[in-house]
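Novice: Take this structure, written in structure tokens, and hold onto it; I'll ask about it next.
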């Protein structure tokens with residue numbers, strides 16, 4: 001877990017002049033104090049401190065190491081620091097959200113925990129043989145040599161420009177989201193991977209993996225994962241699934257699956273917008289809690305599972321809606337899209353035919369009937385004119401289009417076994 005002041009809120013806009021010192025635990029918390037400098041004379045306890053929280057201030061400089069001879073944990077995030085002194089006994093260091101570009105003074109140090117995230121272009125080529133947790137996300141780096149951290153357990157290098165990452169046998173948790181990585185090497189101990197929004201085409205088998213998140217990649221096949229419990233792989237090109245016998249939660253929406261074998265352990269299933277003819281959940285009907293599908297699949301399985309369905313919720317997917325509305329340039333601006341989204345989401349499904357007709361009438365009048373006619377006609381004449389418009393083939397085609405958009409952009413959530421989110 002990332003370090004922070006545990007007496008004050010996370011918002012950097014919230015300050016208090018309360019200082020807390022715990023002589024038994026040997027820690028001092030002066031976070032959120034709007035401090036521009038630290039007057040050593042005000043804090044005689046510095047010489048005994050093992051933990052110091054000075055986060056969320058306006059500090060440009062840290063105390064000289066001679067005044068903190070026993071310090072082991074230092075949290076100085078959210079300041080304007082450019083340099084970090086060397087504290088020889090330090091094992092935990094959080095310098096996130098500063099302007100530091102170099103921490104070479106800690107090369108071969110005893111650090112177990114290092115958070116240097118949100119320091120643009122920071123140099124990470126330092127050897128930390130004992131480091132267990134490293135956070136270097138949002139740092140605008142393009143390269144990370146993780147072999148410099150041979151005992152690393154947790155790594156977060158998300159939101160960077162990294163294209164390659166090496167293998168490391170000790171790693172159990174990896175976050176590489178929002179990079180340019182094309183390949184995942186072997187990590188024999190890995191338990192959790194977060195690799196969304198990269199350029200992955202393939203995910204190898206990880207024998208101990210419990211959670212895998214790889215949305216927005218180019219993955220075609222999900223390989224065997226013997227212990228995997230959670231899979232989030234939406235917005236890929238998946239056409240094939242390996243053996244996933246322990247899966248409880250899986251999101252494979254927006255892929256290219258023609259069929260899927262759902263494991264008996266599955267509880268939360270998201271399969272909308274694939275190429276299914278139908279979906280069979282007989283194998284997990286006793287334990288499934290939530291199933292999300294598109295309208296096409298819903299219409300095919302509703303009667304089969306009618307007695308098992310506890311509740312139904314229908315929502316419109318905005319991306320799909322916007323995609324279809326682009327066929328009419330007049331419907332593609334953000335205001336109109338949001339208006340239609342809200343109207344679609346307000347439809348009770350048993351009334352959807354009537355509601356869709358009303359929505360079609362309103363939209364057709366808005367974009368196709370000239371303002372001149374509206375302004376120059378009296379109400380009776382205009383109503384008569386508009387009723388004649390509704391009988392034209394142009395309107396009928398438009399109404400059919402709105403129905404098509406609705407049916408192809410809604411997501412139907414089915415709840416089972418007494419569960420509702």
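Even glycines carry a Cβ here, placed using N, Cα and C.
Feature table excerpt (Swiss-Prot):
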{"type": "REPEAT", "residues": "48-69", "note": "repeat 'LRR 1'"}
{"type": "REPEAT", "residues": "70-85", "note": "repeat 'LRR 2'"}
{"type": "REPEAT", "residues": "89-110", "note": "repeat 'LRR 3'"}
{"type": "REPEAT", "residues": "111-129", "note": "repeat 'LRR 4'"}
{"type": "REPEAT", "residues": "130-150", "note": "repeat 'LRR 5'"}
{"type": "REPEAT", "residues": "151-172", "note": "repeat 'LRR 6'"}
{"type": "REPEAT", "residues": "173-191", "note": "repeat 'LRR 7'"}
Novice: Which sequence-distant residues neighbour the repeat 'LRR 1' (48-69)? Criterion: at least 6 residues beyond either end, Cβ under 8 Å.
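Specialist: Cβ under 8 Å, 6 or more out: 4-8, 12, 15, 23, 25-38, 40, 75-89, 94.
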Novice: Report, as numbers and ranges, which residues of the same chain sit near the repeat 'LRR 5' (130-150): CB under 8 Å and 6 or more residues beyond its ends.
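Specialist: Hits for the repeat 'LRR 5' (130-150): 2, 96, 110-122, 124, 156-166, 168, 170-171, 175.
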Novice: I'm checking region-level scores; what's the whole-number mean pLDDT for the repeat 'LRR 7' (173-191)?
Specialist: 97
Novice: Cβ under 8 Å, sequence separation of at least 6 from the ends of the repeat 'LRR 6' (151-172): give me the contacting residues as numbers and ranges.
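Specialist: Those are 117, 129-145, 178-192, 194, in sequence order.
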Novice: Which numbers of helix, strand and coil residues does DSSP report for the repeat 'LRR 1' (48-69)?
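Specialist: In the repeat 'LRR 1' (48-69), the DSSP-based counts are 4 helix, 3 strand, 15 coil.
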Novice: What is the number of residues in the repeat 'LRR 3' (89-110) that are helix, strand and coil, as DSSP sees it?
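Specialist: Counting residues per DSSP class in the repeat 'LRR 3' (89-110), I get 3 helix, 3 strand, 16 coil.
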Novice: When the repeat 'LRR 4' (111-129) is classified with DSSP, how many of its residues are helical, how many are strand and how many are coil?
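Specialist: Final tally across the stretch: 0 helix, 3 strand, 16 coil.
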